[in-house]
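Novice: This is the structure, below, for whatever I ask next.
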Amino acid sequence: MSIAVLGGGAFGTALAVALGRKRAVTLWARDVTGLHDTRQSPRLPGVTLPDAVTVTGDLNEAASRDTLLLSVPMQQLSTLLDRIATPLDGHALVACCKGIDLAEGVGPSALIARHQPGAVPAVLTGPSFAGDIARGLPTALTLACGDEPRGRALQEQLSTPVLRLYRSDDMIGAELGGALKNVIAIACGACIGAGLGDSARAALMTRGFAEMMRLSARLGARPETLTGLSGLGDLTLTCTSDGSRNYRFGLALGRGEDFDPSVTVEGAATARAAARLSTELDLPLPVCSVVADLSQGRLTVRQAMDTLLSRPLKDE
Ligand SMILES: NC(=O)C1=CN([C@@H]2O[C@H](COP(=O)(O)OP(=O)(O)OC[C@H]3O[C@@H](n4cnc5c(N)ncnc54)[C@H](O)[C@@H]3O)[C@@H](O)[C@H]2O)C=CC1
Ligand SMILES: O=C(CO)COP(=O)(O)O
């Protein structure tokens with residue numbers, strides 16, 4: 001079973017490095033100039049691709065592999081899938097991106113099913129910084145696939161001695177955990193950046209997690225998926241480490257500083273998608289909604305905090 005990683009940013013490169021330590025891997029990137037010359041991605045400086053990784057700029061050639069790891073930002077997934085000219089019937093398409101598509105209001109597994117109805121969609125997600133994976137540090141992730149035999153095969157194929165995959169058949173829960181934790185991480189970064197304290201951050205993480213559970217349950221996920229690596233696990237990492245870009249974006253908002261717009265911050269678009277779902281489903285998601293406004297400059301951190309604190313008192 002052959003493997004290609006589609007996307008030469010930090011995460012795609014890290015996955016290619018980790019898998020390239022045990023087997024042949026193809027890495028496709030939109031711009032391969034640097035990757036060909038230096039065997040390094042500008043998004044993951046200092047990490048060199050092993051010899052077992054073949055770099056290509058030919059998307060349809062890379063897409064002929066049996067397993068495709070889709071590692072572009074979520075809002076670019078549809079564009080990437082559009083560019084693949086051939087039907088990928090029977091291929092496993094593993095979403096490694098975290099978010100909700102703003103245009104369609106759905107996660108990556110539904111986008112894959114719409115673009116490639118004959119493929120087997122799967123989701124790889126959980127607490128993992130690209131740099132940690134590339135350095136070979138121990139990491140545990142969730143591999144979710146609705147087709148049990150294919151899920152087992154993917155678990156075997158994509159695990160390494162230090163990258164431990166737990167299997168699930170709940171793709172909706174796995175992808176919503178990874179998507180929504182980024183939104184809560186922006187809120188936590190803003191809280192710390194504005195000097196509101198660790199107690200407030202703990203409250204945001206807990207109430208944010210309640211929103212993750214509420215929206216996921218409404219969209220058909222199982223609660224135990226959200227309490228696993230893809231939900232609580234990744235929430236913990238991303239809300240407490242300035243290794244996270246979402247958290248750092250929040251820190252900058254809280255401090256009133258500029259943030260480099262070229263950095264991938266998945267939680268900003270996902271907050272907007274979640275706020276829309278909140279309205280459509282008549283489901284309160286107050287933290288997601290203030291993050292949507294905050295990240296579009298419609299609220300200050302002080303106003304966001306006042307909005308959350310002035311809500312009517314209620315049962316936990
Ligand atoms: N960096 C990390 O630690 C982790 C990232 N992820 C997820 O992986 C996904 C990708 O993130 P990163 O690799 O970190 O982002 P990145 O910003 O490092 O790289 C994104 C890459 O995608 C490429 N790209 C953008 N639009 C494209 C398109 N239409 N077609 C082809 N390539 C395109 C860019 O050229 C860039 O190389 C995100 O959803 C992120 O949440 C998941 C786990 C860890
Ligand atoms: O998803 C991640 C860790 O699991 C990476 O987080 P950031 O996208 O916030 O850097």
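Placed from the backbone N, Cα and C atoms, the Cβ positions cover glycine too.
The active site, proton acceptor annotation in TrEMBL covers K181. The NAD(+) binding site annotation in TrEMBL covers G7, G8, G9, A10, F11, G12, A130, R245. Under the heading NADPH binding site, TrEMBL lists F11, R30, K98, A130, R245, E266. Residues or ranges marked as substrate binding site in TrEMBL: K98, R245, N246. If you look up TrEMBL, you'll see 170-305 marked as domain 'Glycerol-3-phosphate dehydrogenase NAD-dependent C-terminal'.
Describe the structural context of these features.
Specialist: Annotation note: K181 (active site, proton acceptor) sits in a helical segment as assigned by DSSP.
Close to G9 (NAD(+) binding site) in the fold, though at least 6 residues off in sequence, lie S41, R43, L44, S71, V72, P73, T264, each with a CB less than 8 Å from its CB.
DSSP assigns A130 (NAD(+) binding site) to a helix in the three-state reduction.
Classification of N246 (substrate binding site) by DSSP places it within a helix. Long-range C-beta contacts of N246 (substrate binding site), restricted to its own chain and to partners at least six residues apart, with a cutoff below 8 Å, comprise N182, V183, A185, I186, G189, T238, V265, E266, G267.
Across the range of the domain 'Glycerol-3-phosphate dehydrogenase NAD-dependent C-terminal' (170-305), the DSSP-based residue counts are 102 helix, 0 strand, 34 coil.
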Novice: Quick check: which same-chain residues outside K98, R245, N246 lie with their CB within 8 A of the centre of the substrate site CB atoms?
Specialist: N182, A185, T238, S244, Y247, F249, T264, V265, E266, G267
Novice: So what's the mean pLDDT when you look at the domain 'Glycerol-3-phosphate dehydrogenase NAD-dependent C-terminal' (170-305)?
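Specialist: Reported value for the domain 'Glycerol-3-phosphate dehydrogenase NAD-dependent C-terminal' (170-305) is a mean pLDDT of 98.
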Novice: Reduced to three states, what secondary structure does DSSP give G8 (NAD(+) binding site)?
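Specialist: DSSP assigns G8 (NAD(+) binding site) to coil.
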Novice: Among all the protein chains here, how many other CB atoms are within 10 A of the CB of K181 (active site, proton acceptor)?
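Specialist: Around the Cβ of K181 (active site, proton acceptor), 33 other Cβ atoms lie within 10 Å.
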